[in-house]
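To start, the structure under review is shown below, and the notes come after it.
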């Protein structure tokens, strides 16, 4: 066909006798002029450049939106481009119906499309370069285009072209669009004053863009980049070269920060309270007011997406109908006008419209998702700030009485706020779903008539059932959460008390308890929640307290365990509920008070950060404080010195180390008042004396600071300027030591008796020079050197791996081996069943769809399906009549549908069953491996790290991997089914699939790496946030005493923003992927449609192929998302597996348990023969060739400085350490030959740190339930606890809260003593067991031990040397060797002896 601008089939096409504007072809040519003008003007500027007048402020130039009306301009331009596409399509379709080629029908439209694209590119470059004068070219273009299109529209009106003609409609719409764009340009001139004005407006960039630390640019980029997340390309591509870290994602924009949204939410909430006068305002109303606008915007996007979603089926229906009606075979005509109806009957036009509708629909959908997620993140940040403010105002009694627990706080922070965030994400579904259902029913009714109403009725009838199922699912989820919390609580208690459990051989009892809870957690199908509330009678802890604390002096508070000393300090600090009375401060207002609590409280931070506690760093003061607290030797042994992280997420420290760091924190602060609550409780005599002399007497009193000191160390009373003696909640006596000596001789004499000193010894100040001390940190020097060597090796490996290809290969590799381990842990049978059922299910679904497609296709062609029946059902059925065949065909179809439903159920159950089995096996193996692990593992591994395996990682294995795996397999098989069906219907599609497949490969390759980094950042930034909430709740008293609420609040806001920016980037990365895979899916649909139309495939198969192509659009991004999620989630399996390779303790012995006498050890004779002990094979011995003999029933005291090996010797009796040479023989049996459980169950020990478990007093004394009540009461009486327990509700069954927090530290230690007495073993080990109790109680206990265990062997590791002066034998140790071994009398007679020097120091 010959081509000409005006065509060759009409001679009048070039006739201008009636005037040039009367000639349609000339008018079309005239419309070319503005487009050519714009291209001629802008191309040189775009390619040559124009310089820049950007602001000198350092900003992100490409994101600074200078000109007003930016979004409106982009929307109008996109609309213009769409209308141009319609104009081109209309021109091509009209031209195809002409006898000759008429270029004027579509060439101006093509040039207009190019010009509109150039206009928006030109505008973007001018805008980001801040050169508004060059926009004058665009202004002239809009005027010229508006004039030429108006001329064309007037020409059509004069010719009487009806409104029903598509060309008339397109021209009218374009006149409006050009007019609006011209108005936008005039507005830019008016606002920016760059033309016709003497003083152009100066524009200040947004504050965020002046901060180069802000990297999240979604609010600032142009509309196209917003819609496609084009600005994310740099980050996602760079992830292949370098892992994404916090520096790469930067800070949150100001509008998204937690503080901004907190202020917004609080203001809205307060306004709502004012409006609802007289009633309590509801927070939900405040949230709606504060975040209502973005929710409305998201809902609008969602409605648009849902409405466009129906365009797909309508276009496919139109394409199938065009095949059946064969509309493309119409004859050639001379008319160039095309109606809208004829235009929409063209199959190619419908294919393009289908493509554009998909692009728009997915763009709006992703925009809706993003807006809701951003709003949810903003709401979460605001709520976290509100919760934190509330925590800072909680009274101490709220936490101590269990009204608010750490578990509830963690639940609020980690779960509830996230659920609210996801509620916002799902909000648009609430009003979008009814619209979808109604529109779907209307469309189906037009197609199927009454049958559609039957389907709608089924949906309505199923709604109550679905609601019932959803309710049950919610109940099951809540039940699972409750069991999970209970399991974690028990696991946490096991890990904290693992040493005690091993020493008492109680591992199996607590392990069984966790396993039972785990079973309930895994099989919970309904909610079983039992809430019990314990009410307090509000009895006064303190009464009639009238005291005076002298300024600039040291006040000591003394008294027995439980007399109210700590409560008095809390009352002074305002932490107790005041029934009556008041605390008066010198300056009326209380300023910062340095406070060290009785229970050490550490931040999850470095040692240095824990000591300086937000104060400015002063090197000289810091060194003086660490020396005063004897911390330098400990710091030297830590892996990274004082930069080593401690706390729950750091390495484990001993009780003494934790205590001294807290005291150092109090000393370092430059405050006038210091409050120390029993700072010597976990320290030996040498450390106590050094702290007293160097830290308190020298460091504090030189500065004339007011000191309040609670202590049981009565030997320090002579140093006190003022003494307060307490008893049973009231002040027994106060004054100076001389006052008490004069006024209360009985009390004074009682103190002298307790200290076992003469008058002159009590009254004089004994100054002991600090000796050289050795500290045993959790990382000895050997392991420190080993760590350094490993670090050097890792650095060398990193240097070797700098090769880019190696890095990319490692970072893009899927952890297939870990996946296989997870799948096989569920059992090979279930794995095979899952794969087989999945494949069979999708095969059945494809078969059903194929059958329906062929059936409808044959029915439409012939009205008779006999040919299909005979073709598909085989030659056996050829003799059957038509009705029988139709019935049989329906029967087979129903059977396939039934099989599909059953297989859907089977596959879902199989995946869940396999996931449940894998989770059960992995948790069981992990728990048993951990609980049977060596004690050294718990000393060197942070508790938080172990607990994380049982909490976060187990939660991922339980609840995240199974649905991800199911979704991945379903999405992958659906996509493969779709590609297979399209290829079967149109084989040429496979050719176009190659470039699409390559594009998909690169998209998923880049996304997976970036997504993994961002998910890890999200996880790693969430943990510090949760820990900060927990540590704030635990250290409320300290924080408020120091007046550091503002600093902690600021830190919380920073942690929240850091976590939010990581999650925001992860969300943006997911949108980046989904937009690209959605567009790729739209390209697949377009390709499938065009190839099917071109090669004229069967109409039924065409419709089926296009419907399958639409499923690709929905599921393609889920393949990549699930693959990336699975890759990250498999990290949890990998972490669990890493613990499973740990070596367990050797519980088997060479002797059979039946060979051990039931009453062993009966005598209590101990022979230590050439004993050598070490903690690990690669470490040096801590005991070297130790020899000792302990007679049956002997009372033995072991003393020595810290690190001498005395505690290691006590652990050797229980084989808690590696005995690599020598042996310990008890009653004639070498303990190395005994089974470990038998050995530990026959001995008793009392540890320095008091450990109680949640439950009852009975459970804590006798978890094996072997003892009678009389025996338990006897043990409590021996431990001086009988009267106190009797006064509790429930007696032996009285509640013990987690960690025994409802008892004082001293009372907890007494319970531990009672626990040891219950066992009544012939051998009792006391490892510094009296460190936390007062001297009076200690003396009573020493007497009880001597009487109750008169015929039993007692080995005491001495904390206070005077406690072993009555022992039968004293062993003095130093650096793993026994230096002295004799009776106390003989050792004291040696004036130059070590024991004698210890006793003199203790006096």
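Backbone N, Cα and C atoms are what each Cβ position is placed from, and that goes for glycine too.
It should be emphasised that the depicted structure is a prediction, and the values quoted were computed from it without experimental measurement.
Record note: among 307-324, 325-342, 343-360, 361-378, 343-360 is the stretch given as transmembrane segment by TrEMBL. Per TrEMBL, the stretch carrying the note transmembrane segment among 869-892, 893-916, 917-940, 941-964 is 893-916. Counting C-beta pairs under 8 angstroms (sequence separation of 6 or more), the transmembrane segment (135-153) reaches the transmembrane segment (32-51) with 3 or more such pairs.
Only sequence-distant pairs (6 or more apart) were considered; of these, fewer than three Cβ pairs between the transmembrane segment (343-360) and the transmembrane segment (32-51) are under 8 A, so the stretches are not in contact.
For the transmembrane segment (165-184), the partner stretch with the most Cβ pairs below 8 Å, chosen from 72-93, 105-123, 420-445, 452-470, is 72-93. Sequence-distant contacts of the transmembrane segment (452-470) (same chain, at least 6 residues past either end, Cβ-Cβ under 8 Å): 437, 441, 444-445. Here the transmembrane segment (32-51) has long-range neighbours at 107-108, 111-112, 114-115, 118-119, 121-122, 125, 129, 131, 134, 137-138, 140-141, 144-145, 148, meaning same-chain residues at least 6 beyond its ends whose C-beta is under 8 angstroms from one of its own.
When pLDDT is averaged over the domain 'ABC transporter' (1166-1400), the result is 83.
Tertiary neighbourhood of the transmembrane segment (420-445): same-chain residues 291, 295, 298-299, 302-303, 306-307, 309-310, 313-314, 368-369, 372-373, 375-377, 379-380, 383, 451-453, 455-456, 459, selected by CB-CB distance under 8 Å and a gap of 6+ residues from either end.
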